[in-house]
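Record features, source TrEMBL:
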| type | residues | note |
| --- | --- | --- |
| REGION | 1-24 | region 'Disordered' |
| DOMAIN | 48-219 | domain 'MENTAL' |
| TRANSMEM | 55-76 | transmembrane segment |
| TRANSMEM | 96-116 | transmembrane segment |
| TRANSMEM | 123-145 | transmembrane segment |
| TRANSMEM | 151-171 | transmembrane segment |
Amino acid sequence: MNRVPADAENAHSSSVDSCPSLRDVHSINPTQLMARIESYEGREKKGISDVRRTFCLFVTFDLLFITLLWIIELNVKGGIETTLEKEVLHYDYSSSYFDIFLLAVFRFKVLILAYAMCRLRHWWAIAFTTAVTSAFLLAKVIISQLFSQGAFGYVLPIISFILAWIETWFLDFKVLPQEAEEENRFLIAQDASERAALLHPGVLSDGQFYSPPESVAGN
């Protein structure tokens, strides 16, 4: 006769002891999903993504590097003031490097406006700047007399051409795919959290595991 109450007490204690583990099973996945959703929303509120910020830094480097090379070229030709007046005020398409500097400024303004300020998620802006840069540099190399002016006749057009295509590669193969993958992960996590909320609307409490009092034999 004493075995039945003992077994009932053991079953009751085991059911009570299993409550925390059951609550953990129901709560661990939604918590992780909500943490991922909150981290993604936090990044969106913070600003642009890390990979897009790296792209914008490279675009800035493009402008600064071309500017540095142009200033060095001005010094090599006999002083900044004299050469600057000759290349800017008396601009000559066949011998001036000023247009290559303006081309770098053009790329910087368009790309920063499109991908940093407007946060564009399409390749048309980088395709436009790269096409304009490539066409202009090819025409300048063919028509102008840059190769007869020393090393800078080779360096500035080639570096400007290479930097423009590196920017295109980085945006098309790094920035846009990575941001699209992060957005897909966010949508999947959000959908999973909504399904978990529908399947498990609340956390189980100890009161739900209620065992009725034992009845006396014969009643």
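Backbone N, Cα and C define each Cβ position, glycine as well.
For the transmembrane segment (55-76), the list of distant contacts is 48, 83-84, 87, 97-98, 100-101, 104-105, 107-108, 111-112, 115-116, 150, 152, 155-156, 159-160, 163-164, 166-167, 170-171, 174-175: same-chain residues at least six beyond its ends, Cβ to Cβ under 8 Å. Mean per-residue pLDDT, taken over the domain 'MENTAL' (48-219), amounts to 85.
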